[in-house]
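Okay, structure first, notes after.
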Amino acid sequence: MYYGFDIGGTKIALGVFDSGRQLQWEKRVPTPRDSYDAFLDAVCELVAEADQRFGCKGSVGIGIPGMPETEDGTLYAANVPAASGQPLRADLSARLDRDVRLDNDANCFALSEAWDDEFTQYPLVMGLILGTGVGGGLIFNGKPITGKSYITGEFGHMRLPVDALTMMGLDFPLRRCGCGQHGCIENYLSGRGFAWLYQHYYHQPLQAPEIIALYDQGDEQARAHVERYLDLLAVCLGNILTIVDPDLVVIGGGLSNFPAITTQLADRLPRHLLPVARVPRIERARHGDAGGMRGAAFLHLTD
C-alpha cells in the first residue's frame, strides 16, 4: 500500500492507495503548530493506524509546502513552523523504519495528475496551480523535476513580461510580493490577484467567486475583466511554455473551477509562442483535494 500525506499549516491529511492507485482510506488531523515532537507523533500515529488497518507496512510519501530538504538535510516550510528547520525526512524514516520521501506539495499535485490514466501518455506534464498563490511542477516520464533548490515550477515568482506591461499600461503597478520582489505574476494571476485586478480597474472590492457569479449573469464589467485576466494569463503562460514546451498543462487551484480558464485559454496562446510551437493540451485537474495525497503516495512509483 502507498501512504500519501498532504501536510499544510492547518491539517495533516493521509490517503492510502492500493497498487491500482485507487484511494482506499483517508483521515485528517490538525497540524501541531508549536511542538516538533507532537508533529512527528501525529504523522507516526496515522501511519501506525494505516499499517494496522491494512495489515502491512506501507510506503510513506509526504507533500509539504516549501523546500523539502535543504543542503543540511532540514526542511524549510514557513507554513508548518513546528517542522521547519528540522530534519523531517531523516527523523520520520528512523521512527517509522522505512524510506520516507518528501517533495514540494505543488510537485505532488503535478505528479498526481501525470499519473492519471488519461494523462500517462504524455512525457512532459506541467501542473499549474491558480489558487491562493501561483505555483506548479514539472513531471518528465513520471518523475518530478525538482532542481538544485527545489524551486522548479515556482512560476508565480516570475516577473511580468514586457508585453504584459504593454497590454496593461506602462503605469500598471508592480506590486511587492511576499518573496520580496516586485511584479511577480502571482500577485495578478492568483485568486487574490484576480480580485485585485478587478478592484484596480473598477474600484469595487469583490472576491473572485462574486466576480465569477457576475460573469455568469452576463455582467459586462465582469466579462471585460475576465477577458483582461485571460489575456494576461496567456502572455505569462506563453513565456513559460516557450521555455518548458510541455505536452500537457493541467490547471488546478480554486480558479480552475471557473470553466473559462481552461476553455478560453488555448486560443489566446499562439500569438505569444514561436511560430513553430504547438499549443499543448490544456485540462482542468482531475483529482481536486485528493491530488496532494495522491501525488505524495506516488513518490514511491518514480523509481
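Note that Cβ sites are derived from N, Cα and C of the backbone, with glycine treated the same way.
Per Swiss-Prot, these features apply:
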type: BINDING; residues: 4-11, 133-140; note: ATP binding site
type: BINDING; residues: H157, C177, C179, C184; note: Zn(2+) binding site
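Feature map: annotations from Swiss-Prot on the structure.
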residue: G4; record: ATP binding site; DSSP class: strand
residue: T10; record: ATP binding site; DSSP class: coil
residue: G133; record: ATP binding site; DSSP class: coil
residue: I139; record: ATP binding site; DSSP class: strand
residue: H157; record: Zn(2+) binding site; DSSP class: helix
residue: C177; record: Zn(2+) binding site; DSSP class: coil
Site with most surrounding Cβ atoms, counting all protein chains shown within 10 Å, from the binding-site residues G8, G133, G135, G137: G137
H157, C177, C179, C184 excluded, remaining Cβ within 8 Å of their centroid (Zn(2+)): G156, R159, G178, G180, Q181, E186, N187
I139, C177, C179, C184 as binding-site residues, winner by CB count within 10 A: I139
Between G133 (ATP binding site) and C184 (Zn(2+) binding site): CA-CA distance (Å): 11
H157 (Zn(2+) binding site) and D6 (ATP binding site), Cα-Cα, nearest whole angstrom: 23
Distance [Cα-Cα, Å, rounded] between G137 (ATP binding site) and H157 (Zn(2+) binding site): 13
Residues satisfying Cβ distance under 8 Å from H157 (Zn(2+) binding site), sequence separation of at least 6: C177, C179, Q181, C184, I185, E186
Most Cβ neighbours inside 10 Å, all chains, among the binding-site residues G4, T10: G4
Cβ neighbours of D6 (ATP binding site) where a neighbour is any other Cβ within 10 Å: 28
